[in-house]
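Listed in TrEMBL for this protein:
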type     : residues           : note
BINDING  : 107, 112, 117      : oxalate binding site
BINDING  : 110, 112, 117, 158 : Mn(2+) binding site
DISULFID : 31-49              : disulfide bond
DOMAIN   : 63-212             : domain 'Cupin type-1'
SIGNAL   : 1-21               : signal peptide
């Protein structure tokens, strides 16, 4: 009986750890993030908390979520509004991003390791999609129009492509104050230090020269 009780306690402890693996529920009204501890801050979930007596409205504000520069080769720009931009988001478990697209612009395949994403199209027409994990690797895609909403589950590779002939704009909400982003092409072909050509050539079943060409283009 005692052994069963200990196993139950261990299981509950592990379950609790799993539940809090992502942004935990806050234990206070707010915990405005600061980057230094001279004011006697407390370290909570990656950031130090500002003394509540020193908090003001600007700690919860971000001014001018403007159009991003889409003149790059991908024709898209992501403007994040996370805990770095709004310190008051610390421990609140949410953030957002504005995504601008030139005609045919692409927000390339990427993942958010710490957050589910919900996207709403403000202007334009987007082809969006995500791929499930191994072994199915099933692709879910949908063409979205102004006012449409789509969800990308946490950690899954996803993308957005402007299939219209005009600029497009979308807003994404994310279920983390700092969801992170891993752009697949950059992670694979632009790592520091680089992954060896031998590994990449074998993984993609191509010649080393093709790997070199991709790395050069990126």
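Including glycine, each Cβ sits where the backbone N, Cα and C put it.
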Beyond 107, 112, 117, what residues of that chain have CB atoms within 8 A of the centre of the oxalate site's CB atoms? 97, 110, 111, 119, 152, 158, 160, 172, 174, 179, 181
What is the three-state DSSP composition of the domain 'Cupin type-1' (63-212), stated as helix, strand and coil residue counts? 22 helix, 57 strand, 71 coil
Roughly how many Å separate the Cα of residue 117 (oxalate binding site) from that of residue 49 (disulfide bond), to the nearest whole number? 26
May I ask for the distance between residue 110 (Mn(2+) binding site) and residue 31 (disulfide bond), taken between their Cα atoms and rounded to an integer number of Å? 30
Rounded to a whole angstrom, what is the C-alpha distance between residue 112 (oxalate binding site) and residue 158 (Mn(2+) binding site)? 9
Recorded positions 31, 49, 158 vs residue 107 (oxalate binding site), shortest C-alpha separation belongs to 158
Rounded to the nearest Å - Cα separation of residue 49 (disulfide bond) and residue 158 (Mn(2+) binding site): 33
Residues within 8 Å of the 110, 112, 117, 158 Cβ centre (excluding the Mn(2+) site residues themselves): 111, 115, 130, 152, 156, 157, 179, 181
Candidates 110, 158: member of the binding-site residues with the richest Cβ shell (10 Å): 158
In Å, rounded, how far does the Cα of residue 158 (Mn(2+) binding site) sit from the Cα of residue 31 (disulfide bond)? 31
For residue 31 (disulfide bond), the number of neighbouring Cβ atoms whose distance to its own Cβ is within 10 Å equals 25
By a simple count, how many Cβ atoms lie within 10 Å of the Cβ of residue 117 (oxalate binding site), its own Cβ left out? 23
Can you tell me how many other Cβ atoms are located within 10 Å of the Cβ belonging to residue 112 (oxalate binding site)? 24
